Each structure stands twice: as C-alpha cells, then as structure tokens.
Amino acid sequence: MSIVTGAIFIWPQAILLLAGDDTPWAILASIAMAVVMSSLALIWMNITPSGILADRMRHTWHGFAWPILFIHITLCLILDATMLALFAQMLSAVFYPLTPLWAMKLMIAAESAWFASRSFHVLARNIQFWFPILMLLLFLLITIEWTNVHCWWALRPSTHIVVHPLLQAILSTWFLWKQNEVSVTVAHFVRSPTQMLIRKLTLGAILFQGIVISLIYVITVGSIGPYAVLRLRWPLVYVLSNQSSHTFYLSRPGLIILLIWTGAIVFYLAAHLFCMGVNLSKLFTKSYNLTPIAVWVFTILEIVITFFIPTPTTATHLLLDFFNPVDLSVSVIVLVTSILIRLIANALHAKQHPA
C-alpha cells in the first residue's frame, strides 16, 4: 500500500529530476537497496528471540530500547503526517477545492485510526479483503493508460551513468521502502512464522512493489514525456485524468482513481499506526492493552503536524531533504549495530553454556 500511496504524490517526479536519463538505473538500484535493508532486518530477526519489534529491541538494546523506539516513532509520525498532508492537498487542488483541508485530513486520519485501534486480525482481514480489489483496479487503470504510452524513447536508460545524481535519486526513493519496522512487528502475528516463510513474503512484497513503481513510471513518463512530468505538480493525477468513457467502457474512471488512492492512504496510515501503538504498549506495559489509546494519540499528533506543512512544496522538501537521509542513516546504523550486538551476545552465551 505504501508504494501506491507514495506514487500518487511525487513519483516519479523527484527521481526523474535527480537522475535524468539514469532514472531506469536508479529504479533498479532502489529496489536493490530495499532488498539489502530487508535482508539486514531478516538477519537480525534470525538471531534474536521471537517477538514484535519492541521485544526484539529490548532483547538487543535492553535499557536503550526506548530511546531508539522513540526515534523510530518520531520519524514515522513525520512521514505519515507528510503523506496525509500531501494527499489532502492533492484532493483540494484536483477534486475538492471548496472542501476545507482540515476536514479531509480529519476524516482520513480518523478512519485510519479506527482500523488501527482494532485487533491485528481485524486489521489484517480488512487489508486482505481490500488489497486485491484495489490492486486489480490499479492494474486495470494502468492497462487502460497503456494505450497512451508513445514516448518510448524517454524510457531508454542512459549508457553514461553519472554517479552522484544517481545516488541522490536512489536516496529520494527511501520513503517508498520504509517497511522493516512493519515487517518485524507483523511477522510475530503470522501463523507458524518460519524464517523461510517470512523471507519469501518480504522478498515477494519488494518484487511486487518494484513492479508497481516501474509500471507507474512507464505510463507516466511514456504518456506525457519526461519534460512534462518535471513541470507538473501531480503528473500521475494528470495522466490518469485523461481517461474517460471514450477510452474505456467506464463512465466515471475518476471514482475508481479516488477509491484506490483513498484506500491506499487509509490502510497505509493504519498499518503504521497499529505498529507504533503495539510496540509502544508492549515496551512500556509488556502487553497490548494500551494499543488503542496509543493509536489515537499518534493520530492526533499526525493531524497537528500536518498544519505545519502548508504546501506541497514544503511537504516534498521535508520528505526528500530531511526524512529520507535521516531515516535511512538511522535505519542502517541501528540494524548493523543490532546485528553486531546480537552476534556478540549469542557467542558469549554459547561460550558460557556449551552444549
């Protein structure tokens, strides 16, 4: 869901602006980055006692677990608030110019919080029900738009790679792949969560998300060209708005577009809110009893943060210039250090308690 949500707002504008003709290479490298980061998380999970993220952090960091979790929650709140602000700004600019921004933010956030405050099984059943429907509708729209792809020349990768802009472009995609915390938390609730199953699900999700962002890149750049993508505020919105009853039998494809986007942002926020809530509750109370309260507190904080993000330009700068570099750096440092700590702790334990 996070991929579809992110694609609405600035994909593929930011990566195209930074990488230029090297964008296809940047997309492939971005997927590789996601595989590497997920692999590090899987290694850490494999050498840590079972549990959700808070449990594994407590086993690894002991008394330092709570400040690390606080940093994670803070960054996640910034990301979610930015996405919520961007979504409301897009709706206001394109679909509902007379509806107050605060009303749209409040409705979306409240719906997300309602799902997140339920039990994991209720949230999972709703996502399992809606996810195939939303993805089917998305691929339906992509299939319709495929007939408008004519700028195939713009999709050819460059033969001369410029390293520094390429690295910047790869970094600009990190917000699309921030899922390790969710994966580690949710894996505990999976029935018979073997390492092989978790590995397959994680890599399968990355592959699926990679296909989605690649297809969106193709239909956006291939339909209107790279120069138009760079000059439009919402390039994907513009591309999909060209669909009408003359291109397909649906009389109101805009309703499908709104359903996909709204469903994506709601479940995206709900998944993050649920994970933040259960981890905070488990870390401080060693139970899930405070999860609903924590979820609603986080929701209120997200709504408050959105009022400090007045424009799409501000949100984009916050996402690309602050969140991406800071969160990726924190994630790498925490994951690598956690692996080293667990390896040392496991080696000492094996030495003190030989089989």
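Cβ from N, Cα, C; glycine included.
Automated prediction, rather than curation, is the source of TrEMBL annotations.
The transmembrane segment annotation in TrEMBL covers 25-44 (among others). For the transmembrane segment (25-44), same-chain residues at least 6 beyond its ends with a Cβ under 8 Å from one of its own Cβ atoms are 15, 18-19, 56, 60, 157-158, 161, 166, 169-170, 173-174, 176-177, 179-180, 183-184, 195, 198-199, 202-203, 206, 209-210, 213-214, 217, 331-332, 335-336, 338-339, 342.
The annotation transmembrane segment is assigned in TrEMBL to 64-88 (among others). Proximity of distant same-chain residues to the transmembrane segment (64-88), defined by a Cβ-Cβ separation under 8 Å and at least 6 residues beyond the stretch ends, is recorded for 5-6, 8-10, 53-54, 57-58, 101, 104-105, 108-109, 175, 178, 181, 261, 265, 268-269, 272-273, 276, 279-280, 283-284, 298, 301-303, 305-306, 309, 312, 315-316, 318-319, 322-323, 326-327, 330, 334.
The transmembrane segment feature in TrEMBL is assigned to 129-155 (among others).
Below 8 angstroms of C-beta separation, residues 2-4, 7, 11-13, 16, 23, 27, 30-31, 34-35, 38, 41-42, 138, 142, 145-146, 148-152, 154-155, 176-177, 179, 183, 190, 235-236, 238-239, 242 of the same chain, each at least six residues beyond the ends of the transmembrane segment (201-229), sit close to that stretch. Feature annotation from TrEMBL assigns transmembrane segment to 201-229 (among others).
If you look up TrEMBL, you'll see 249-275 (among others) marked as transmembrane segment.
If you look up TrEMBL, you'll see 287-309 (among others) marked as transmembrane segment.
Annotated transmembrane segment per TrEMBL: 329-348 (among others), in sequence order.
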**Request:** Report, as numbers and ranges, which residues of the same chain sit near the transmembrane segment (287-309): CB under 8 Å and 6 or more residues beyond its ends.
**Result:** 73, 77-78, 80-82, 84-85, 88, 102, 105-106, 109-110, 112-113, 116-117, 269, 273-274, 276-278, 280-281, 315, 318
**Request:** State the residues, same chain only, that lie 6 or more residues beyond the ends of the transmembrane segment (329-348) and have a CB under 8 A from a CB inside it; answer 'none' if no residue qualifies.
**Result:** 37, 40-41, 43-44, 47-48, 57, 59-61, 68, 71-72, 75, 178, 180
